[in-house]
Amino acid sequence: MPGITISKKDFLNSIHQKLSDDEIEKILFSLGIEMDIICEDTGVVVYKLDIAANRYDLLCLEGLAKIINTYLHGSSIISKPIIRKSSIKVIQESVSKRPFIACGIIRNARFNYKHFIEYQDKLHQTIGRNRSAVAIGTHDLDKFYNGKPIKYKTIKLNKLCFQPLNISTEIKGTELKTKLGCHLHQYIDLLGSDEEGIIFEYDNHIISMPPIINSEFSKIEPSTTNIFIEVTGTDYNKVDQVLKLMLLNFNTGIIEQVEIQKENSIDITPVFNVTPYVFTIDEICKKIGFLLQPDTIKLCLEKMQYAVEIKNDQLIAIPSYNRLDIIDKCDIIEDILIGYGFENIPLDNPIEFYTIGKENDLNKFSDKIREEMAMMGFNEMLTLTLLNKTENIMHDYMVEVEYPKSKEYEVVRTSLLPGLFKTLSINQNVKLPIQLFEISDVVLLDSYNKSFNKRFLTGVCAQMNSKLEEILEVIISLFKKLNLIVEFTNIITDSDNIFLKEKWEKYFIKNQTASIYVSSYNIPRTLIGCLGVVHPTINMQFKISLPISAFEIDLEKVFVLIKNII
């Protein structure tokens with residue numbers, strides 16, 4: 001959860017209330033905001049707050065004060081922003097690196113300069129992903145604008161020369177890394193090129209170079225009254241949302257939309273469209289689990305920054321422009337309950353019968369196996385479910401993540417062994433032998449390409465001369481506790497073991513691997529897994545210098561076999 005630090009004095013002034021710390025904490029908690037700590041910072045009492053990850057509008061005092069004032073006073077405090085179209089135009093040329101832009105203007109602004117800059121930084125860190133997804137530039141419009149259009153374009157760095165923010169002299173584009181502070185170097189790398197940069201230009205003056213820095217030429221100051229805000233990025237929705245947040249939270253006058261002229265289209269930014277949500281009163285009462293009168297529902301929503309209209313049995317709820325966290329009807333139902341107060345919900349039993357919960361049988365069985373493995377000297381691991389595709393060498397068919405955030409998390413694992421190998425790789429300096437195990441789910445695909453979970457038990461043993469015997473003893477001992485007879489068969493001659501044939505060829509040394517079968521007086525001979533000495537190519541891939549013996553067992557299949565006789 002992102003956090004903010006605000007002055008207690010400023011906070012109380014902004015909500016026009018004299019409240020105790022306990023009263024403030026209770027109000028904040030009702031809105032899903034956690035008071036982390038109350039402390040002094042350079043002689044000033046401050047609140048450190050944890051904000052919900054989807055409430056970017058609350059990451060500054062101004063946004064926080066708006067929701068609390070509305071929560072305390074309802075619709076009487078809501079003021080709709082004055083929005084009009086500006087005569088200012090931005091011409092967007094072909095820009096491939098950060099193709100999406102949105103611009104807007106705050107006229108007659110009266111704002112806290114320190115809060116404004118802090119909020120810009122918070123948006124950069126959160127929704128902006130450290131400026132990789134979104135970067136914000138803010139400018140004093142009166143310092144540079146005289147009627148000509150602003151240009152957004154790509155420029156060769158060797159042709160670039162401008163005076164960056166808070167730097168006394170002009171610098172060349174090729175001097176960015178040497179002349180700018182170290183804290184800006186990470187943003188220079190976001191350009192993706194040592195030869196080209198992106199700029200906003202006005203009348204041959206550079207006003208900003210996103211996502212790195214603005215220019216001294218258009219620097220905003222505490223006395224600035226007309227603020228031009230430009231937002232660039234790789235995702236249009238985020239770019240538009242960030243611009244609206246900056247405009248709405250610090251709007252004390254008029255908001256102006258700016259025309260963006262592209263090669264084949266014209267956009268007006270930001271886009272101030274909101275979706276009205278239509279409910280029946282019965283639908284709302286059914287969802288929340290108790291009866292509420294229409295007027296009460298209306299009041300609850302107005303406390304949460306909605307415009308509400310009731311027509312016959314229908315309720316129409318329109319979120320305010322800054323409620324970007326509203327995605328579906330369920331969010332509005334939640335806001336009704338927040339506005340009503342969870343502490344006010346009646347404690348009646350909503351059902352007429354009672355049930356007894358119990359632990360899932362497979363999980364209970366898994367815990368018993370964990371205890372047995374631990375008593376045999378193995379340390380339990382809990383590794384990541386997502387892997388790099390090259391690490392998941394067990395199968396060619398696997399569930400892939402459609403839009404992975406990183407190459408490290410491209411596919412869902414089909415085996416627990418890669419995770420244990422990665423753990424071994426970074427823990428080779430500990431005392432030998434290193435014995436690790438994991439009991440977790442993997443995700444496999446059936447013949448219809450449908451995914452399903454399987455519970456596996458996997459173990460590895462690494463020491464100077466790992467042998468099959470070490471793993472054999474562990475497996476025999478484990479299944480002896482389950483009253484099952486274990487049999488080991490050479491995989492090469494095991495015609496039934498198609499799944500494991502694919503596995504051993506990639507993981508284990510020939511003639512140092514085996515299939516694992518179990519049976520009992522009322523359980524037929526059943527294949528449950530495999531074991532072997534790990535192939536040196538695997539050691540090389542995961543950079544493990546020690547020999548490894550390993551096993552993998554379909555624990556879910558074992559559970560199905562024995563659950564009827566337990």
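Glycine is treated like the rest: Cβ placed from N, Cα and C.
Quick look at what Swiss-Prot lists:
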type: BINDING; residues: ASP325, ASP331, GLU334, ASP335; note: Mg(2+) binding site
type: DOMAIN; residues: 272-347; note: domain 'B5'
Residues within 8 Å of the ASP325, ASP331, GLU334, ASP335 Cβ centre (excluding the Mg(2+) site residues themselves): MET304, ARG323, ILE326, CYS330, ILE332, ILE333, ILE338
Local confidence of the prediction over the domain 'B5' (272-347), expressed as mean pLDDT: 92
Counts by DSSP class (helix H/G/I, strand E/B, coil) across the domain 'B5' (272-347): 32 helix, 16 strand, 28 coil
Position of peak Cβ density within 10 Å, selected from the binding-site residues ASP325, ASP331, GLU334, ASP335: ASP335
